Amino acid sequence: MNTTAIILAGGRSSRMGSDKALLELGGLTVVERLIRELEPVTSRIVIAAGNKAAYERFGQEVLTDRFPEAGPLAGLHAGLESSATSWNLAVACDTPFANGGLFRALLERAEAAEARADGPAGFAAAEAILACTEGRAHPLLAAYRRSVLPSLEARLREGRLKMTAWTETLRTEYIEGETLALASGLPLEWCAFNMNKPEDYEQARLWLESGRQTD
């Protein structure tokens, strides 16, 4: 299944104090780690970024938001608007351990949802597949149908920017943490781990240096 991957890198990183996507782990920036993991499983990668110049060196198309200062919904909108594929992966730039196995699990669930919708029972096709760990859904570690674009744009025009409130209006399926851990080969707490503060970055560095993380 042809898919587009959207790396969301438009945040201000105010709590971190520097651009989270450009922090280094294991000799690579976080965005380089994500590109490495996405390339084998997607047909196109785009980076939705507020600072276009900072990301042009990574060899992927960089998009700017049509709705500036509107948070991750605006980045997802830019990615979906540029996409020519039915299904699209979305991943935040501060999830350093998300890997190919995890992305494949999301896409396999999307393919299964399509197959059910095409079957004789007449199921409505899922519009979103979200990772879910410890009861918490992760809309920035997910797969979305491009057909959600009109409802997403309506939210942006109305100034309703809470992402979980929007995803709750979609036909959504969830992949639970245990399934993600098995698919990715990662400890459960790493699957959706994100770095918001300097201490999160330090934790990620310690995990890597301890040899617990597997490529």
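We count from 1, first residue shown onward.
Note: Cβ is positioned from N, Cα and C throughout, glycine not excepted.
Caution: TrEMBL annotation is automatic and unverified by curators.
Because the structure is a prediction, the values reported are computed rather than measured.
Within its own chain, Leu8 (GTP binding site) has Ala48, Pro72, Gly75, Leu76, Gly79, Ala90, Val91, Ala92, Cys93, Leu140 as residues 6 or more apart in sequence whose C-beta sits under 8 angstroms from its own. TrEMBL lists Leu8, Ala9, Gly10, Lys20, Asp65, Asp94 with the feature GTP binding site.
Summarising the annotation, TrEMBL assigns Mg(2+) binding site to Asp94.
Here TrEMBL flags 5-162 as domain 'MobA-like NTP transferase'.
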The number of other Cβ atoms within 10 Å of the Cβ of Ala9 (GTP binding site), counted over all protein chains shown, is 29
Is it possible to get the count of other C-beta atoms within 10 angstroms of the C-beta of Asp94 (GTP binding site)? 25
